[in-house]
Amino acid sequence: MNAIAASAIVRPKTTAIFTCALAALAGLMFGLDIGVISGATQFIQKEFQISDHMIEWIVSSMMLGAAIGALGAGWMSAALGRKRSLILAGVLFVIGSLLSGGAWSPQTLIAARVILGLAIGVATFTAPLYLAEVAPENTRGAMISLYQLMITIGILVAFLSNTAFSYSGNWRWMLGIIAIPGVLFLLGLFLLPDSPRWLMMRGRKQEATAVLQKLRGDADHVAREVADIEEQLKTPQRGWHLFLQNPNFRRSVGLGVLLQLMQQFTGMNVVMYYAPRIFQDMGYATTAQMWFTAVVGLTNVLATFIAIGLVDRLGRKPILYAGFSVMAIGLGLVGAMMHLGIATHAEQLFTVAMLLLFIVGFAMSAGPLIWTLCSEVQPLKGRDFGIGCSTVTNWVANMIVGATFLTLLNSVGNAATFWLYAALNGVFLLITFWLIPETKNVTLEQIERNLMAGKPLREIGHEASAAAHGFSRPATEDTAA
Ligand code: BGC
């Protein structure tokens, strides 16, 4: 059995960390996919002699595939299980990256990127779901932040490899080389146990208990968690039915969708896809553009550690307040500099610094925390469906942002474009205050009880006192909604 295979390799106490680290490698693939295209486009454009519009298609086709992948991933992760879904994603990833590198026409490249997108869509749905299901509640936030850390490392690696290959202009290597981490990811996946919650859903209680025993190590804790999950599984509705029948579930689905819209419309991916172009607008030449892009990637990685360190201590909301404020200020000032004109070296550097400030704001907050919140707020019976909706939203919004940036620049100008995103970050600050719950140190079961009891969204993370100490409280008649 998988759990036994995993325990043969690592000691029980480290199994949970090992499991989460491996699952978080899914984030690496996500990041490679996001980062890899920014450095390649100018060379692709030269080789195939294609328009900006076609480039926009090549960039966005991956997000289209990802939206479709995320759409099917809910069904898949319920039917096949989380682990096998991740394996399928790994296979598609390797095929997609090899085909991208070998593409013989813009159309093949688009098709290859759709395949890559499918892989990432499935992985971005399944990995956070899996992490939320295997991580104990007192480290859940940090574990999911680890997933985000892997995304940022993937982006950085892609930026660095782009920079290295930019000297020869070999875009085929830029796109193809990511098959190597894809293969490593696939190999690692075979060591993962199945999600205990998924096993329980399939009536495989004994295996679920065995996996939890390896993950938690404490028999009492395991018994409580199994009882909690069992209690929740008594509710016979799920997914789409639950959505139609239960207004409380519709609220949590709406919340997940809103959270992902907020994450994407911060404007982060404008920088991820078009950083070299933005540095060009600041007056930098090609080599400097590529190296500054790598600095953006590095900043993104480093600032993610702020979130990892603070998320389970300060909570989600204070970090989101800080993040949206920093992003609004950073982009507002980038816009102001572009409006005033960047003439001197000092002005150039100041503008770069403000762009990096924006990256810090995102990486320390919305980057990891939105994924965390999205996997925490959905009730178990509808978790697949709920996270599916929010993940699809992430990719659709991502596509809109990626496909409109150049058009926005050309129509309203670069200053107004950055101000628009700065203003949106200001709006998200207010939305966080009004609507977003604090979920720090509360069990998923408690969040679900609050949601189903009809509490306002911003209060669904209010904890039962025992949960504050990191223990799951067994569901009783009066607490189970
Ligand atoms: C977002 C991606 C983004 C990345 C940047 C993720 O959380 O979902 O769209 O590119 O962070 O680090």
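Glycine is treated like the rest: Cβ placed from N, Cα and C.
For 16-37 (among others), the entry in TrEMBL reads transmembrane segment.
The domain 'Major facilitator superfamily (MFS) profile' annotation in TrEMBL covers 19-440.
Panel annotation: around the transmembrane segment (57-78), residues 33, 37, 41, 44, 85, 88-89, 92, 106, 109-111, 113-122, 124-126, 129, 198, 201, 239, 273, 384-385, 387-388, 391-392, 394-396, 398-399, 402-403 of the same chain, lying at least six beyond its termini, place a Cβ under 8 Å from a Cβ of the stretch. What TrEMBL records for 57-78 (among others) is transmembrane segment.
Under the heading transmembrane segment, TrEMBL lists 85-104 (among others). Sequence-distant contacts of the transmembrane segment (85-104) (same chain, at least 6 residues past either end, Cβ-Cβ under 8 Å): 23, 26, 29, 33, 69, 73, 76-77, 111-120, 122-123, 125-127, 130, 172-173, 175-179, 182-183, 185-186, 189-190, 192.
Taken from TrEMBL, the feature transmembrane segment applies to 110-132 (among others). Tertiary neighbourhood of the transmembrane segment (110-132): same-chain residues 20, 23-24, 26-27, 29-30, 33, 37, 57-58, 61-74, 76-77, 82-83, 85-86, 88-93, 95-97, 99-100, 103, 140, 143-144, 146-147, 195, 371-372, 374-376, 383-384, 387-388, 391-392, 394-395, 444, selected by CB-CB distance under 8 Å and a gap of 6+ residues from either end.
Residues annotated as transmembrane segment in TrEMBL: 144-165 (among others).
Residues or ranges marked as transmembrane segment by TrEMBL: 171-192 (among others).
Per TrEMBL, transmembrane segment is recorded for 253-276 (among others).
Residues 35, 38-39, 141-142, 145-146, 148-149, 152-153, 155-156, 158-160, 162-163, 166, 271, 275-277, 279-280, 319, 352, 355-356, 359-360, 362-365, 367-369, 372, 440 of the same chain lie 6 or more positions beyond the ends of the transmembrane segment (288-311) yet place their CB under 8 Å from a CB of it. What TrEMBL lists as transmembrane segment is 288-311 (among others).
TrEMBL lists 318-343 (among others) with the feature transmembrane segment. Long-range contacts of the transmembrane segment (318-343) within the same chain, counting only residues at least 6 positions beyond its ends with a Cβ under 8 Å from a Cβ of the stretch, are 266-267, 281-283, 307, 310-311, 350-351, 354-362, 364-366, 369, 413-419, 421-423, 425-426, 428-429, 432-433, 436.
Per TrEMBL, the feature transmembrane segment maps to 349-373 (among others).
Packing against the transmembrane segment (385-406) from elsewhere in the chain are residues 52, 56, 59-60, 63-64, 66-67, 70-71, 73-74, 117, 121, 124-125, 128-129, 238-240, 242-243, 249, 252-253, 256-257, 259-261, 263-265, 267, 269-270, 273-274, 277, 374-375, 377-379, 417: each is 6 or more residues past its ends and has a CB under 8 Å from a CB in it. The annotation transmembrane segment is assigned in TrEMBL to 385-406 (among others).
Tertiary neighbourhood of the transmembrane segment (418-436): same-chain residues 255, 258-259, 262, 265-267, 270, 316-317, 320-321, 324-325, 327-332, 334-335, 338, 361, 366, 373, 408, 412, 457-458, selected by CB-CB distance under 8 Å and a gap of 6+ residues from either end. TrEMBL lists 418-436 (among others) with the feature transmembrane segment.
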Contact set of the transmembrane segment (349-373) with the rest of its chain, CB cutoff 8 A exclusive, min separation 6+ beyond the ends, reads 128, 140-141, 144-145, 147-149, 151-152, 256, 259-260, 262-263, 266-268, 271, 278-279, 282, 292, 295-296, 299-304, 306-308, 310-311, 316, 319-320, 322-327, 329-331, 333-334, 337-338, 342, 425, 428, 436-437, 439
With the cut-off at Cβ under 8 Å and a gap of six or more residues from its ends, the chain residues touching the transmembrane segment (144-165) are 20-21, 23-36, 38-40, 127-128, 131-132, 135, 171, 173-174, 177-178, 181, 272, 290-291, 293-294, 296-298, 300-301, 304-305, 307-308, 311, 363, 367-369, 371-372, 375
Taking every residue in the domain 'Major facilitator superfamily (MFS) profile' (19-440), the average pLDDT works out to 89
